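What follows is a short report on a single structure.
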């Protein structure tokens, strides 16, 4: 999670990533329900990618939020398999979001906020500012 914002900001040439936080049903911490559009589907896929990393044992829950990696869109050099998996999950959402227009509004989910999403948003509300250099050829 530490690198996600940096990767999306670099890929889309926008700042801050907060344009996507609490967008729809899946963007931000937690997520549930039917995605409202393609941007929300990108976020859902990212959440499921992280869930898969947990289920296959590549990462622990805490590693999802504290693992730092060095990643480019062409390759990644990692010390751990968790970092490699997170880099790929984050790369995929950046590529997915790049296909969609940058949102000016944050449509809301048509369901009440799940307890999981509310808990995560309160617990992890503040993240450290990060910087990552994305190399392109």
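Cβ from N, Cα, C; glycine included.
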Message: For the Ca(2+) site that TrEMBL describes with 28, 30, which of these is also annotated: 37, 47?
response: 47
Message: Measuring Cα to Cα, how far is residue 27 (disulfide bond) from residue 96 (disulfide bond) in Å?
response: 13
- line: If you tally other C-beta atoms within 10 angstroms for each of the recorded positions 47, 90, the top scorer is 90
Message: On a simple 10 Å Cβ count over all chains shown, which one of the disulfide-bonded residues 27, 43, 89, 96 is most densely packed?
response: 27
- request: Counting other Cβ atoms within 10 Å, pick out the least crowded of the disulfide-bonded residues 42, 49.
  value: 49
